Amino acid sequence: MKMRGVSVGVLVVAMMSGLAMAGSCNSQEPDCGPSECCLQGWMRYSTRGCAPLGEAGSSCNVFTQAPVKGFYIGMCPCRAGLVCTRPSATCQLPSQDNTLDSYY
């Protein structure tokens with residue numbers, strides 16, 4: 001009976017590690033879908049995983065809009081056609097007054 005419990009425990013751990021690896025990524029395009037980016041958390045040794053791109057109205061960070069070695073840190077950029085606005089830190093449709101060019 002004890003051996004059966006150990007076998008079930010090993011099986012559960014193996015399944016969990018397989019699930020964790022399924023969403024991992026090493027670079028931007030090859031591993032993630034077209035509406036996702038390869039994202040690493042803010043902590044130094046965070047694992048990378050695929051996450052959705054920012055939609056209109058979602059939070060964003062103007063400093064995380066460019067990939068670092070093929071992955072993003074902290075937040076995915078806004079999806080194509082949207083820009084991350086500095087005043088509100090949200091993904092929005094581009095306009096004359098909310099593009100980054102107007103701040104430089």
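Each residue, glycine too, has its Cβ placed from N, Cα and C.
According to Swiss-Prot:
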type: SIGNAL; residues: 1-22; note: signal peptide
type: DISULFID; residues: Cys25-Cys38; note: disulfide bond
type: DISULFID; residues: Cys32-Cys50; note: disulfide bond
type: DISULFID; residues: Cys37-Cys76; note: disulfide bond
type: DISULFID; residues: Cys60-Cys84; note: disulfide bond
type: DISULFID; residues: Cys78-Cys91; note: disulfide bond
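Secondary structure from DSSP puts Cys50 (disulfide bond) in a beta strand. Distances between the Cα of Cys32 (disulfide bond) and those of the disulfide-bonded residues Cys25, Cys60, Cys78, Cys84, Cys91 are shortest for Cys25. Checked against Cys37 (disulfide bond) by C-alpha proximity, the disulfide-bonded residues Cys25, Cys50, Cys78, Cys84 yield Cys50 as the nearest.
For Cys38 (disulfide bond), the nearest neighbour among the listed disulfide-bonded residues (Cys50, Cys76, Cys78), judged by C-alpha distance, is Cys50. Secondary structure at Cys37 (disulfide bond), taken from DSSP and collapsed to helix, strand or coil, is strand.
Considering only the disulfide-bonded residues Cys50, Cys76, Cys78, Cys91, the residues lying within 10 A of Cys84 (disulfide bond) on a C-alpha to C-alpha basis are Cys78, Cys91. Shown in sequence order, Gly54, Glu55, Ala56, Gly57, Ser58, Ser59, Cys60, Cys78, Arg79, Leu82, Val83, Cys84, Thr85 are the residues of the chain, 6+ apart in sequence, with a C-beta less than 8 angstroms from the C-beta of Cys91 (disulfide bond). Note: Cys76 (disulfide bond) has non-local neighbours Glu36, Cys37, Leu39, Ala51, Pro52, Leu53, Gly54, Thr64, i.e. same-chain residues 6+ apart with C-beta under 8 A of its own C-beta.
When each of the disulfide-bonded residues Cys25, Cys32, Cys50, Cys78, Cys84 is scored by how many other Cβ atoms sit within 10 Å of its Cβ, Cys50 comes out lowest.
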